[in-house]
Amino acid sequence: MKGLTIDYATLLPALVPVAGLVLVLVADLVNPRLRQLPYAIAGVAALGAAVATVPGLALGGGSTRETFCLAGGTSTRGALPSVEGLPQRCLWQADALGSTLQLAAAVAAVVCIALAWPRTRRRRPDDSTREPVEAVLLLAALAGTVVVAASRDVGTWLVALELATLPVIALVALSGRRSAVAGATQLLVTSLVSFALLVLGVALWFAGTGSPFLTPDAALSSGGAFAAAPGTASVAISQASTPVVFPSVSGGVVALATVLIVAGVGFKLSLVPFHAWTPTAYAGSSVPVATFLATVSKVAALAALLVVLRAVAVLGTPAVLSIALLASLSMTLGNVMALRQDDVVRLLAWSTVAQAGWVVLPLVSISALGVGASATYLLTYVVATLVAFSVVAVTLRDRPGRGRSITDYDGLWQRSPWRAGALVLALTSLAGLPPGVIGLVGKITALRPVVAEGWVWLAVVAAVNAVLGVAVYLRWLRAVITERVPEAGPTAGGEDHAVAATTGRRPVVVAGLVLASAVLVVVSVQPDLLLRLLG
Amino acid sequence: MSWIVRMIVVLPALAALIGLLARRRRAVAAGVAVSVSAYVAVLGLIQWVAPSRSADIDTIGGLPLGDLSVPLHLLSDRVSGLVSFVVALVVLGIQVFTVWYLRDDARYGQFAATVSLFATGMLLLVQSGDLVLMLVGWEIMGWCSWLLIGHDSERAAARRAAYKAFLVTRVADIGMVVGIVALSVRARSTDLMAVLTATGDGTLLTVGLVGVVIGVAGKSGLVPFHDWLPDAMEGPTPASALIHAATMVAAGTYVIARLFTLYAENDTARTLLAVLAAVTMVYAALLALAQTDLKRMLAYSTLSQIAIMLSALAAAPAELGPGAGISHLLGHAFFKALLFLGAGWLSVLAGGTAIVALRGRLRPTGALRWSMGIGLAALAGVPPLVGFFTKDTVIDAALEGATGGGGLRAWLVVVALFVTVVLTAAYCTRAWLLLDTPVAATGELPDTAPAVVAEEDVAVVTTADSADDAEVERVHAHGHATITLSAALVVSVLAALTVVGTLFLASLRGGVHVGLLSALLSLLLLAGGAYAVWFLSDRGRVDVAERIPGRVREPAVRGFGVDTAYVAVGRAVTTVARLVVALDRDVVDAYPRGTAVVARAAGRAGERGHRGVPSLSLLSLLVGVVLVAVLGVTAWR
């Protein structure tokens with residue numbers, strides 16, 4: 001394209017996973033019998049992506065690393081005020097917030113790949129393609145997530161979002177179990193509908209603003225869109241009125257676009273009522289894939305949502321009632337349902353629903369404050385959930401078939417204090433209690449915009465849900481720290497013996513747990529670190 | 001000179017700390033306790049002889065409490081010097097005596113350290129020029145009394161007595177704290193000088209003074225708080241001597257004396273004090289007459305004597321000052337310490353403190369016989385012992401108050417005082433006759449079967465039981481150890497002080513002031529009371545208390561069931577507490593529990609709505625989209 005400049009260094013976070021993806025395929029072509037190689041390549045690629053985001057973290061004061069800029073493309077409406085003198089024509093803009101989300105996605109992906117590490121070193125049979133496929137899908141979804149966080153035009157945004165979604169559906173279905181297929185089906189159906197919503201929203205955005213860019217000045221230009229482009233369908237309505245009505249009509253279109261995009265992304269965030277796939281898909285898929293769904297996918301969804309909302313923020317919309325509604329519904333239903341789960345993966349699935357409510361809670365105030373608070377909460381949630389899932393994965397790796405039920409965690413404190421400690425920290429972080437200080441900080445940060453906007457009823461709903469959440473996580477926690485009820489001697493011994501025989505290799509899985517726990521400990525001890533990352 | 005004042009307070013505290021650390025090494029603990037109390041006594045002597053007369057001796061600096069000034073000053077004058085000297089002297093005597101008395105006790109170290117801490121509390125109260133410091137000293141004594149009374153903590157009766165003392169005085173301390181707060185608020189300062197000179201709000205003043213009277217009534221054992229004191233005899237005898245002679249129970253007198261100028265102007269508080277004191281002194285003297293245990297008899301006599309001190313403060317005219325009360329405090333300190341230590345000595349010889357066991361045991365004991373005789377005579381008020389002078393100073397002060405416009409209040413006190421003189425003479429004579437008349441002279445051995453069997457929950461008192469059972473066990477286990485020279489010396493010195501103690505009081509303004517007429521009258525009454533007992537008891541052959549009808553005497557020995565009343569109050573409080581707990585649990589907590597029930601029900605309903613069917617999720621998605629779109633657009637700014 002004429003006048004398009006490309007800065008490959010800036011694109012590295014996205015390029016590295018893609019390169020890794022290609023490498024996995026090549027390696028599989030060369031030697032298809034190595035089980036661990038695809039994961040090793042994928043892990044290195046995800047780590048590389050994480051490292052590549054680091055230069056973007058230090059950006060402050062609205063500066064960005066951008067590329068794909070359309071040079072010399074002066075706006076047809078040059079008289080409109082540009083926001084803080086930023087170049088308006090770049091398709092890729094990674095600022096501190098975007099880079100942080102990219103980093104979180106990459107780190108979460110590293111942990112997921114570690115958890116998915118194969119059980120055995122044995123060479124796989126020729127007919128099995130599971131490992132390379134899984135690695136490729138994981139990397140593809142990661143690449144989509146990284147791109148969506150930096151995309152600034154509707155095309156890239158939509159494609160990247162789907163790139164982050166579709167591989168996950170395949171990942172869920174990959175195990176081929178009946179429950180996995182059921183979960184994948186539900187995920188697919190819901191994602192199709194929500195994709196339709198997203199496309200509709202984007203189309204409305206284009207209609208309302210006349211700009212394919214998801215940028216603040218595009219949102220600001222919505223007032224003049226119809227005046228500049230007569231002959232569109234909306235004008236038929238507006239022709240009857242005075243010209244003064246134009247801005248309000250197109251403003252309404254932008255509003256509808258925003259709300260539809262919220263609904264479409266809400267599916268990926270598992271907000272009620274778009275949540276129904278969550279427990280089925282989590283329970284049907286393997287634990288690493290569920291972890292990926294709970295962390296990287298959520299990062300992708302929020303990153304996509306934030307791209308749109310930051311563009312809309314410039315309109316000065318004080319608050320959005322529908323987001324408040326979604327947030328309160330999600331929190332309440334998620335917590336209430338999580339209270340009744342005995343399967344820890346299902347519990348975490350419903351906890352995801354509840355936490356998603358917390359994540360979008362600050363967005364009722366569409367402003368820099370709300371966006372920052374939302375990203376902060378998402379990061380605390382991602383880190384804590386990673387640790388919780390890692391503990392589940394390690395436990396399952398230790399004794400396959402045992403570790404899905406809460407009762408399997410009875411007396412974990414006595415059996416393996418380190419793992420129990422990590423779980424305690426993760427659960428208290430999710431509940432927002434010390435010693436999980438970061439969870440508490442996150443909850444306070446999330447509530448601040450709500451209170452600042454004066455949404456008292458929403459703050460009350462959130463507070464009630466904070467209490468309900470404590471009950472949810474303490475249910476699991478109690479099992480961890482209470483003494484195990486001694487089982488009948490001989491059966492327990494025999495079982496343990498059988499379990500020991502099937503115990504898989506676990507150093508890499510444990511390494512994933514250690515990585516996630518280390519991050520959690522660091523941000524718990526020094527929450528300031530996380531808050532500063534997001535400026 | 002101000003360092004002396006500070007040292008007098010700090011040194012016993014240090015001694016307590018060191019004693020506690022060195023409690024396992026008996027010699028070190030004893031050495032520290034005795035030497036420090038001796039040094040403090042010397043310092044007290046210096047402070048008395050050459051008082052620094054300063055009201056602003058800094059301690060730890062003032063507390064920054066906004067517009068309430070809390071300077072935490074110490075106050076030194078001749079009164080505080082004299083009182084702290086006498087306190088230190090008595091504490092020294094008790095420490096020396098304890099070394100012998102608790103010779104076989106494994107927990108001697110703790111006991112000695114507690115006595116030192118107790119002395120800290122009393123000396124802090126005496127030296128304080130600040131209501132807050134006064135309260136601190138007051139509370140230290142309250143806590144230490146719990147430790148000392150419950151020293152033999154393996155015995156249920158001792159534990160019960162300790163808790164009883166602590167709880168009863170704590171309840172009264174509510175009044176003390178309220179009173180101190182009211183006085184401080186009125187003066188905007190806790191400094192004693194500021195409180196005394198403050199003018200203004202009369203209601204606050206009355207509340208403050210009445211509150212302090214209630215607090216004093218608790219610690220000094222005025223009716224209706226009196227019943228803890230006889231039970232406190234469960235503690236070792238030196239602890240009883242300490243509590244009764246110069247510290248805790250007498251502290252109330254000192255506090256009121258310090259606030260005397262305020263009381264002199266306030267009729268409400270003074271009338272309350274006069275009524276409580278008058279009732280207590282007669283009632284306690286009557287009960288003392290009926291007791292079957294020497295230590296309990298002494299306890300009731302303490303109640304009566306403390307009430308005499310307080311009555312002086314209640315009835316004396318303003319211009320006379322609090323001298324009469326203070327002087328009786330000091331005189332009482334000497335002879336009551338003497339009596340208690342003597343009783344302790346005697347109980348070691350006889351193996352118990354029940355009068356039945358002690359009958360006639362005094363006769364063959366030489367110095368002890370003399371000492372006890374002097375002590376009882378001083379208690380009764382026989383001239384020229386210190387008791388005579390201080391008691392008649394009180395009577396004279398009350399008479400002056402009565403004739404000088406004190407009205408009904410002062411007359412009530414005067415009448416009560418004269419009645420008490422008779423009764424005191426009677427129970428002293430009874431005690432002397434019982435202790436001194438050889439058993440052979442009575443002709444028959446006393447019936448050793450307990451005449452009064454205590455019920456559960458009520459103070460455990462029987463005629464044959466000693467109050468201090470541990471003492472009996474100690475004697476049974478180790479035999480009748482001969483007293484050491486130093487312990488015997490302590491008793492003798494106290495006896496000597498009882499004789500010449502009046503000289504101490506000469507320096508005190510209004511300390512000794514005996515009216516001729518009243519002295520003659522009280523001497524006549526004394527002689528009459530003594531003669532009546534002597535006559536009724538057939539020259540000591542029978543116990544005069546036996547002539548009291550049994551249905552009166554048995555409840556009298558038990559204190560007329562006041563203990564039951566205390567228990568009833570306690571039960572009432574716990575019943576109210578249970579009611580509040582029930583209300584809290586069944587009414588207030590119902591709402592939080594309700595949320596749990598609602599959450600569980602909602603979860604069940606939610607589970608029914610989530611069956612993992614794609615069509616259902618599609619439906620909810622569509623509904624959600626419509627809802628969100630409509631809400632989003634209509635509510636868009």
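Placed from the backbone N, Cα and C atoms, the Cβ positions cover glycine too.
Annotated transmembrane segment per TrEMBL: A:6-27 (among others), in sequence order. Under 8 Å from some Cβ of the transmembrane segment (A:6-27) lie the Cβ atoms of residues 34, 37-38, 41-42, 44-46, 48-49, 52-53, 56, 65-68, 92, 94, 99, 102, 106, 132, 135-136, 139-140, 142-143, 146-147, 150, all in the same chain and six or more residues away from its ends.
Per TrEMBL, transmembrane segment is recorded for A:39-58 (among others).
According to TrEMBL, the feature transmembrane segment maps to A:101-120 (among others).
What TrEMBL lists as transmembrane segment is A:132-151 (among others).
Look at TrEMBL and you will find A:152-468 tagged as domain 'NADH:quinone oxidoreductase/Mrp antiporter transmembrane'.
Same-chain residues lying 6+ beyond the ends of the transmembrane segment (A:157-175) with a Cβ under 8 Å from its Cβ atoms: 130, 133-134, 136-138, 140-141, 143-145, 147-148, 151, 181, 183-184, 187-188, 191, 195, 198-199, 202, 214, 265, 268, 281, 284-286, 289, 292-293, 296-297, 300, 304, 307. Taken from TrEMBL, the feature transmembrane segment applies to A:157-175 (among others).
Taken from TrEMBL, the feature transmembrane segment covers A:187-207 (among others).
According to TrEMBL, the feature transmembrane segment maps to A:253-277 (among others).
For the transmembrane segment (A:289-313), same-chain residues at least 6 beyond its ends with a Cβ under 8 Å from one of its own Cβ atoms are 97-98, 101-102, 104-105, 108-109, 111-112, 115-116, 138, 141-142, 144-145, 148-149, 151-152, 157, 160-161, 164-165, 168, 171-172, 174, 205, 214-216, 218-219, 254, 258, 261-262, 265, 268-269, 281-283, 345, 348-349, 352, 356, 359-360, 363, 366-368, 370-371, 374-375, 378, 381-382, 385-386, 389-390, 393. According to TrEMBL, the transmembrane segment annotation covers A:289-313 (among others).
The annotation transmembrane segment is assigned in TrEMBL to A:319-340 (among others). Through the fold, the transmembrane segment (A:319-340) approaches residues 258-259, 262, 266, 270-273, 275, 279, 347, 350-358, 360-361, 363-366, 453, 455, 458, 461-462, 464-465, 468-469, 471-472, 475 of its own chain, all at least 6 residues removed from its boundaries and within a Cβ separation under 8 Å.
With a cut-off of 8 Å between Cβ atoms, the residues of this chain six or more beyond the transmembrane segment (A:417-442) that come close are 351, 355, 358, 376-377, 379-381, 383-385, 387-388, 390-391, 394-395, 409, 466, 469-470, 472-474, 476-477, 480-481, 513, 517, 520-521, 523-525, 527, 530-531. Taken from TrEMBL, the feature transmembrane segment covers A:417-442 (among others).
Taken from TrEMBL, the feature transmembrane segment applies to A:454-474 (among others).
If you look up TrEMBL, you'll see A:508-525 (among others) marked as transmembrane segment.
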Long-range neighbours of the transmembrane segment (A:508-525), counting only residues six or more past its ends (CB under 8 A): 107, 110-115, 117, 379-380, 383-384, 386-387, 390-391, 393-394, 397, 419, 422, 425-426, 429, 435-438
Selected stretch (most C-beta pairs under 8 A with the transmembrane segment (A:101-120)) from A:39-58, A:132-151, A:187-207, A:454-474: A:39-58
Within-chain partners of the transmembrane segment (A:454-474) [C-beta distance under 8 Å, separation at least 6 from its ends]: 319, 324, 327-328, 331-332, 335-336, 338-339, 347, 351, 354, 357-358, 361, 364, 427-428, 430-433, 443, 446-447
